[in-house]
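Visitor: Structure provided below as structure tokens; questions to follow.
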Amino acid sequence: MGFFLETLIGGLMAGMLYALVALGFVLIFKASGVFNFAQGAMVLFAALAMARFAEWIPGWFGLEGSYLGTAAAFVVAGALMFVVAWLIERLVLRHLVNQEGATLLMATLGIAYVLEGIGSTMFGSSIYTIDVGMPKDPVFLFEGIFPGGLLINKEDFIAALIAAVLVGLLTLFFQKTTTGRALRAVADDHQAAQSIGIPLNRIWVIVWCVAGLVALVAGVIWGSKLGVQFSLSTVALRALPVVILGGLTSVPGAIIGGLIIGVGEKLSEVYLGPMVGGGIEIWFAYVLALVVLLFRPQGLFGEKIIDRV
Amino acid sequence: MSRQIGEVILDLKQVSLSFGGVKALTDISFNVREHEIRAIIGPNGAGKSSMLNVINGVYRPQEGEIILRGQRFTKMNPYKAAQAGISRTFQNIALFKGMNVIDNLMTGRNLKIRSNLIQQAFWWGPARREELEHRAKVEDVIDFLEIQHIRKTPVGRLPYGLQKRVDLGRALAMEPSILLLDEPMAGMNVEEKQDMCRFILDVNDQFGTTIVLIEHDMAVVMDISDRVVVLDYGKKIGDGDPDEVRANPDVISAYLGASH
Ligand SMILES: Nc1ncnc2c1ncn2[C@@H]1O[C@H](COP(=O)(O)OP(=O)(O)O)[C@@H](O)[C@H]1O
Ligand SMILES: [Mg+2]
């Protein structure tokens, strides 16, 4: 029982990060109908920026070994992601208004390659580390209830907490503020939103900025765990089955989908892994998403897709 | 009548619009005067909706121009039109289905909002005060349209007639100087039509809003409009006050010859 709970909690914690990245996908899709294949590249780019700025900035300003240097690096990397978001809207999306879904998808693929290229030119292409001072030691919880307690990885726990708080804040922002309401309006009906004076371009910049912020947080968390290297951009694509599962248009779907995938991966690895051989964690999420796709093409929470004729 | 019809506020010159091979509008010119109720009528497919869509820039005509308060627009777009004080409703209701009535109307205040993103994010004083001011305006519109009882209802759950009324409410929340209405009474029962008529007349009378209206119900059109444009197959076949239009032989034959 204790072991099962440990696995479950581990899954939920990993799932929270998927949920965060999936939220980035969903916001962009809702606002502009674009499936953003560049999300993975954005994670890599943000992590690279963070790793290198955390190295450079303390050097420039004599802040070695202080949290101030790390914080400054985070802020600068965040600002850079906002610039990237703005450029993407300016140089790409603005010119593709009302184009077909496939065209937009190709455009984001292009953005992904360009970002990866610029990233390695600006920041180098070796393997870097990010150290934001996350505690690495495990803790034991509920020692009174389970013999030996539950083993929880403190780093994962803090990461999940940060992700959860960010998801909560973003959801609040989009529910409670004027800009959030404008975004929901755009998501519902582009044409009507524009006709009442909601500027599409500004909304797009905002959702890409959010996606950039999400990418940065995910990049820092995954980067400090796995190291910053090229493969980081594929880790983010693990959120792909999450949005298929949860539904591309649903914010709650992204969150719940993330948790389901996180838990599913961990449980399947532990309990099914020995039977079917290792590596199940890699493909389990996709199989789950495919199964859902067969029965509910719009995902668990997505809006029904109705073809207008 | 308290309102006084003024100068030409909106002038359309030789507008032609086609979709591939389909000519939706051919060489159409007409104008709209300040404070008047201007109707566009014609059989189905005549190009009436296309005309409204050209005025607020949803469609870009291949030829012709739009002159709004003396300013020439060759490339109108819906955002610019909204900034210039043009608001509209849609033939197929285009409300934000996921939101309730108040939120739908609040989106109509978007152009008037001054607080920035940061202030909103932190629920800062100015942003909050502003939200309350806009909310008060929206409540005025709700009272005006007599929809207090559905204020918090998600619009997707409302019956068709009320959705049409909320659609008008969202347009009114913008405090427009020109209001474009695409078949505001289509699909309504007699009582709902009477209400809608009254609202349109009150808007025009109390706020002096200029109204461009597409409507199928001939009795209604002749009753409430000051001047009428008649379209048929994308061409203008009549223009004048209701009596002139009624007596126009081209209009009579278009209406006898086509079902509508
Ligand atoms: N977006 C569009 N794409 C292609 N054809 C269109 C479009 N909008 C209108 N049309 C065509 O233009 C003509 C006029 O349509 P419309 O303006 O909707 O007429 P009305 O509102 O008078 O019924 C019709 O032949 C219609 O099929
Ligand atoms: Mg029409």
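Cβ from N, Cα, C; glycine included.
Pulled the feature table from TrEMBL, pasting it below:
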type	residues	note
TRANSMEM	A:12-29	transmembrane segment
TRANSMEM	A:41-61	transmembrane segment
TRANSMEM	A:67-88	transmembrane segment
TRANSMEM	A:109-130	transmembrane segment
TRANSMEM	A:157-174	transmembrane segment
TRANSMEM	A:203-222	transmembrane segment
TRANSMEM	A:242-263	transmembrane segment
TRANSMEM	A:270-295	transmembrane segment
Visitor: Six or more residues out from either end of the transmembrane segment (A:109-130), which same-chain residues have a Cβ under 8 Å from its Cβ atoms?
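Guide: Distant Cβ neighbours of the transmembrane segment (A:109-130) are 37-38, 40-42, 44-45, 47-52, 54-55, 84, 88, 92, 220, 223-224, 227-230, 233.
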Visitor: Give the nonlocal contacts of the transmembrane segment (A:203-222) in its own chain as ranges (CB under 8 Å, at least six residues past its ends).
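Guide: Contacts with the transmembrane segment (A:203-222): 17, 20-21, 23-25, 27-28, 30-32, 36, 39, 42-50, 74, 77-78, 81-82, 84-86, 88-89, 93, 130, 132, 159, 162-163, 166, 170, 179, 182-183, 186, 228, 232, 235-236.
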Visitor: What residues in the same chain, six or more past the boundaries of the transmembrane segment (A:270-295), come closer than 8 Å to it by Cβ-Cβ distance?
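Guide: For the transmembrane segment (A:270-295), the list is 7, 238, 240-242, 244-245, 260-261, 264.
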Visitor: Under 8 angstroms, Cβ to Cβ: which one of A:12-29, A:67-88, A:242-263 has the largest number of such pairs with the transmembrane segment (A:157-174)?
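Guide: Between the candidates A:12-29, A:67-88, A:242-263, the best contact partner of the transmembrane segment (A:157-174) is A:12-29.
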Visitor: What same-chain residues lie close to the transmembrane segment (A:67-88): Cβ under 8 Å, and 6 or more beyond its ends?
Guide: 38, 42, 45-46, 49-50, 53-54, 56-58, 61, 111, 115, 131-133, 205, 208-209, 211-213, 215-216, 220
